[in-house]
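Student: According to TrEMBL, the feature transmembrane segment maps to B:6-26, B:33-54, B:60-82, B:89-110, B:141-158, B:188-210, B:222-246, B:258-283.
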Amino acid sequence: MRLRIEQRPEPSAQMRIAAPVIATALTFLAGSVLFAALGYDPLITLHAFFVAPLNSINGLSEWLLKASPLILIACGLAVGFRANIWNIGAEGQLIIGAIAACGVGLFYPNPESPLLLPLMFLAGTGAGMVWAAIPAFLRARMNTNEILVTLMLTYIATLLLSFLVHGPWRDPAGFNYPQTALLPPAAMFEPFDYAYRLNPSVFITAVAVVLMWLFADRSFLGYKMSVSGAAPLAARYAGFRESSAVWTGLLAGGAAAGIAGMAEVAGPLGQLSPQISPGYGFAAIIVAFIGRLNAFGIVLGGLLMSLLFLGGETVQMTLGLPAALTRIFQGVLLFFLLAADFFIYYRLRHIPEHA
Amino acid sequence: MDLFIAIFTGTIIAATPLIFASLGELVVEKSGVLNLGLEGMMLMGAAFAFWAVISGLPMPVAIAAGALAGAATSLLFGVLALTFLTNQYAAGLALAIFGSGVSAFLGRGFGSTPIDALKRIHIPLLSDIPVVGPLFFRFDPMVYLAIAIFGLITWFLYRTKGGLILRTIGESPETSHAIGYPVTRIRYMAVLFGGLMAGLAGAYLSVAYTPLWVENMTAGKGWISLALVVFATWRPLRVLIGAWLFGGMTILQLQGQALGIAVPSELLSALPYLATIIVLVIISQNRQMLALHFPASLAKPFRAAS
């Protein structure tokens, strides 16, 4: 008996769906091996990582609260990824969105105005789009690689945030901590229940998911983007302009990330500090892939990724394990997913050996 | 004069990790493979080299440990990109995230105390020449190693059969396979070499440049190294020049902060990232030059249909 790898006659639709499930299972397996190697009981640790956080209403609220920005950003990014537009600077677009929204919330003349939240929403969206428009312009008009530009802009956004909270926007009554004043209540989403942090911004994410579904499966623009991703030459032949895919892809990601930043600052954070995102912008890239770039998949992927963040925090508090575990799991998950994807196009065949 | 010497030598030192990482990536890309995971491999190199030093191992062993850690990390990318034929962008990103996570995980036990940095060597006689001595002959050995590796890579790529084969594979893996070259095996070697170089770059950062462990201490240097390869239009000498330009900018910015120039330090810190964007924009204008040296099969998976 020998095993041979051979190309499938057609890509396997089942494998396309099975791959994320297999990758998740393998990640759990790799996690148990890692925990065991560190001298922790794998079952107890896996339970602490992936089950215990969801055992309470507060845990469920936190789960959805963290899943929300991940799903939102992943939806935006998936628009671009479908056309092979690689926006990997969503983290920076999130930061800029949060800065703009918080600026409006802090400095709008009437801190009780009911317009405050909608204005912050617009500011966050617009700022995220502007930050993404830079790489879009440079790619569409100047032929510049968007991967590196979006990343460089992320570092610049982080420095801008640091400058603001250490300098002009620092709360004078904040005991010299590098943070802004708290936003007024009218500038924040009111939680569903003050005992927990989940707030109505999850509805924005729900709308984004529906929009993503409509865009990808029901719109001509979405179709055009998929064609330019899958077959650039065919797209050009059909007259689909590459620059419109570039602009659509990047602006969708920028808007989504900007809104996510706004929802963070107007939700759980309530103010700016040097660290406003635990890496949602980067993790959302993985969410988009795990979710197969489609709306329903992204929801599942976002819930899984949110659990990784939540579990990382939980084992840090309960077992004293470092929070960096979350990033290791993220990387491992993506590794396994990419490897499992191989079997969409290839299969192992047993070749009986005849004497 | 002293200030000039400080800026000049500072530039050379700041450029050294960039030279290692981008020359390694240059070889990888010349074989037609794009590994975006430099940042992750550098962090692994930095963490392992630092770990070796605080465990009491001698400096050369520590640096080798860093290089090997980078190579081992690159193997993960190799398996994904070359055996499993995954999208190389995604595999590289996964590597960057993974390396940052694992290095942070390892680094939690490193403490925050600096170590004794890699010693500079005063080359006998030469280092005593006024001006020239302090300018050129008082660096740590890794600086000279970087230059030596530059020479070796240039010679290998353009003066040896092996280099020609590597470049051919980067242009057309199909043709190379038809001629009978083991495309995947050679690409694996290129990826491992790139990992080794990125590991060296990381090791240099943590045991020589800032002899101290800080989470995510590469701070984008891996991504800047990637940009340098594009900036250099895939030519070694231009990588060297680009690295020196960036090193110079880093040092001028640090000098500016030290002199207390009335500009927010964050703005100065943002300069290398801004410069990367500007440089990329300028070089991208010249499509002809890019196309001339661009490895035609870059980032395209290849599997021998046997």
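Numbers run from 1 along the shown chain.
Glycine is no exception: its Cβ is also placed from the backbone N, Cα and C atoms.
Whatever TrEMBL says is automated annotation, not expert-curated.
Neighbours and distances for these, please.
Tutor: Residues of the same chain lying 6 or more positions beyond the ends of the transmembrane segment (B:33-54) and with a Cβ under 8 Å from any Cβ of it are 17, 21, 25, 61-63, 65-70, 72-74, 77, 81-82, 88-89, 91-100, 102-103, 106-107, 110-111, 115, 187, 190-191, 194-195, 198-203, 205-207, 213, 216-218, 220-223, 225-226, 298-299.
Within the chain, the transmembrane segment (B:60-82) has long-range Cβ neighbours (under 8 A, six or more residues past its boundaries) at 33, 35, 37, 40-42, 44-53, 88, 91-92, 94-95, 98-99, 118, 142, 184, 187-188, 191-204, 206-207, 301.
With a threshold of 8 Å between CB atoms, the same-chain residues lying at least 6 positions outside the transmembrane segment (B:89-110) that come near it are 34-44, 46-48, 50-51, 54, 73-74, 76-77, 80-81, 213, 215-216, 222, 299.
Long-range neighbours of the transmembrane segment (B:258-283) within the same chain, counting only residues 6 or more positions beyond its ends whose Cβ lies under 8 Å from a Cβ of the stretch, are 220, 223-224, 227, 230-231, 233, 242, 246, 249-250, 289-290.
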